[in-house]
Amino acid sequence: MPQGEAARRGTAKPQDQGWAWMVLLAAVLLQGLTLGFPCCIGVFFTDLQHEFQASNSQTSWFPSIMVAVLHGGGPLCSILVERFGCRFVVMLGGLLSGLGMVSSSFCKSISQLYLTAGLITGLGSCFSFQGGVTVLGYYFVRWRTLANAVASTGVSLGFTLWPLLSQHLLDEMGWRNTFLIFGGILLNCCVCGAIMRPIQMASGSPAQSAKPEEEPGSKAEEAQLSNGASPYHPVLQQHTRRTKCFQVLQKYLAFDIFCQNKGYQIYTIGVTWMMMGFALPHVYLVPYAIHSGVEEHKAALLISIIGFINIFIRPLTGLLSGHRVFTGRRIYLFSLATLLCGLSNFICVISAEFSVLILYCVILSIAMSGVGALVFQVLMDVVDMDRFSSALGLFTILESITLLIGPPLTGLLVDITSDFHYVFYNSSFFLISAALFMGLSFCALEKKNKLREASKACLDNPSKYQYSETSAEPKAESQSLPAVEYITSI
């Protein structure tokens with residue numbers, strides 16, 4: 001009887017045990033291979049400049065395109081996962097990543113690197129990363145939060161190991177052979193994808209893909225067909241295409257939430273502005289250190305220090321922010337971490353001594369851990385979970401735009417002034433202004449909501465989400481979580 005009851009309820013043995021932990025290990029490796037990989041590009045910055053006689057601005061387009069595609073390809077990845085499954089998408093991403101880096105080793109100009117290492121490798125990394133995150137939502141239910149936290153340590157491991165490996169290979173065999181080897185390493189994403197076999201779930205299981213809801217407009221189409229309208233009628237075909245296009249935009253790009261939810265609007269604008277300066281130290285720290293007289297091995301070690309500290313600080317930050325004291329107040333922790341990131345950049349302006357740069361990396365790593373651990377958790381606080389995936393799609397698209405243009409514009413400023421200090425001035429400006437904007441705006445929005453609740457005498461039923469402008473009607477306490485949870489990619 002217990003087995004029959006378990007089968008009736010859709011309980012599945014693969015979840016939270018057995019092979020699920022092998023899938024988690026594969027997810028850790030995937031995040032180290034994908035999200036951790038762009039951090040090592042700064043090691044090759046000077047060599048690529050000399051090889052192609054390129055300026056700082058031209059060279060910085062290469063990592064900018066890679067990171068922008070890595071973040072902005074989320075909606076396309078979601079469509080492929082829905083159509084072909086996680087295993088196929090992860091293995092496709094590994095194939096593209098390896099192909100992109102192997103092709104990069106034969107490039108004859110910096111513009112060819114934009115296509116091979118930037119676009120192809122970036123898109124492959126996006127597929128492997130997001131496909132690996134998605135499959136965790138199917139393999140883990142009870143331990144899903146723990147699984148996501150453990151998987152995120154792969155990013156820190158990648159930050160620690162990629163720069164050291166890059167500098168060693170660069171010294172031994174040059175950047176072309178190093179890129180060729182990187183192509184082989186990234187092909188291991190295919191091995192990780194092969195581990196992520198699909199789960200055959202019983203009916204009604206939480207990890208089973210939900211049946212698609214009836215599409216809006218289908219009833220109208222059926223009514224027109226029942227009235228004798230031909231399905232091949234031009235007007236009906238045009239109406240069907242518009243309906244499907246609207247459904248795709250509504251599902252993957254939540255413009256309606258952006259227009260109606262002030263909290264989501266403020267947060268999206270703030271993070272998009274923040275990303276103009278967030279990636280600048282990752283791209284220019286190593287070139288700045290080498291330009292200031294620091295040995296190449298020590299300069300590469302700076303990025304590894306950031307990653308090593310992240311291994312320990314990011315989980316602690318996640319545990320701290322999960323305390324009930326910070327419920328509804330995580331946006332202020334996020335703003336504080338962003339502010340600390342901006343202020344830490346002034347250390348590099350004061351001095352470029354190696355010991356001072358180590359101090360900078362320690363402080364920056366602590367602040368970055370807060371940003372990375374909270375960026376998507378705050379988004380979950382701002383929007384309802386049933387619309388989180390669509391809100392995340394628009395969120396990542398907008399931030400990828402500023403990630404794309406930030407480093408090249410700053411590189412252009414460095415080319416004009418021949419002063420690397422403007423990298424850190426720019427980064428501080430965007431980070432500090434974004435932190436103040438988000439913190440003060442949410443504070444004003446919270447006061448506005450409290451005044452509105454007081455005027456309507458609704459103090460007995462406070463809103464569950466302080467920052468989302470939803471109706472004053474009380475919501476049910478139990479909300480069904482989606483099968484997929486997203487974790488930080490910063």
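Cβ atoms are placed via backbone N, Cα and C, with glycine included.
These come from TrEMBL:
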COMPBIAS  211-222  compositional bias 'Basic and acidic residues'
DOMAIN    20-451  domain 'Major facilitator superfamily (MFS) profile'
REGION    205-225  region 'Disordered'
TRANSMEM  21-45  transmembrane segment
TRANSMEM  61-81  transmembrane segment
TRANSMEM  88-106  transmembrane segment
TRANSMEM  112-139  transmembrane segment
TRANSMEM  146-165  transmembrane segment
TRANSMEM  177-196  transmembrane segment
TRANSMEM  266-287  transmembrane segment
TRANSMEM  299-319  transmembrane segment
TRANSMEM  331-351  transmembrane segment
TRANSMEM  357-379  transmembrane segment
TRANSMEM  391-410  transmembrane segment
TRANSMEM  422-445  transmembrane segment
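Contact counts against the transmembrane segment (146-165), taken as Cβ pairs under 8 Å, peak for 21-45 among the stretches 21-45, 61-81, 88-106, 331-351, 391-410. Non-local neighbours of the transmembrane segment (112-139) in the same chain are 14-16, 19-20, 23-24, 26-27, 30-31, 33-35, 37, 48, 61-74, 76-78, 80-81, 86-87, 89-90, 92-101, 103-104, 147-148, 151, 179, 186, 189, 192-193, 196, 199, 207, 482-487, 489; each lies 6+ residues outside the stretch with a CB under 8 Å from one of its CB atoms. Per-residue confidence over the domain 'Major facilitator superfamily (MFS) profile' (20-451) averages out at a pLDDT of 84. Comparing 177-196, 357-379, 391-410 for CB pairs under 8 angstroms to the transmembrane segment (61-81), the maximum falls on 391-410. Of the ranges 21-45, 177-196, 391-410, the one with the most Cβ pairs under 8 Å to the transmembrane segment (266-287) is 391-410.
Counting Cβ pairs under 8 Å to the transmembrane segment (177-196), the top-ranked stretch among 21-45, 88-106, 331-351, 391-410 is 88-106. Tertiary proximity for the transmembrane segment (357-379) is limited to same-chain residues at least six positions away from its ends with a CB under 8 Å from its CB atoms, namely 152, 155, 264, 267, 271, 278, 281, 285, 289, 294, 302-303, 305-307, 309-310, 313-318, 321, 330-331, 333-334, 336-338, 340-341, 344-345, 347-348, 388, 391-392, 395, 486-490.
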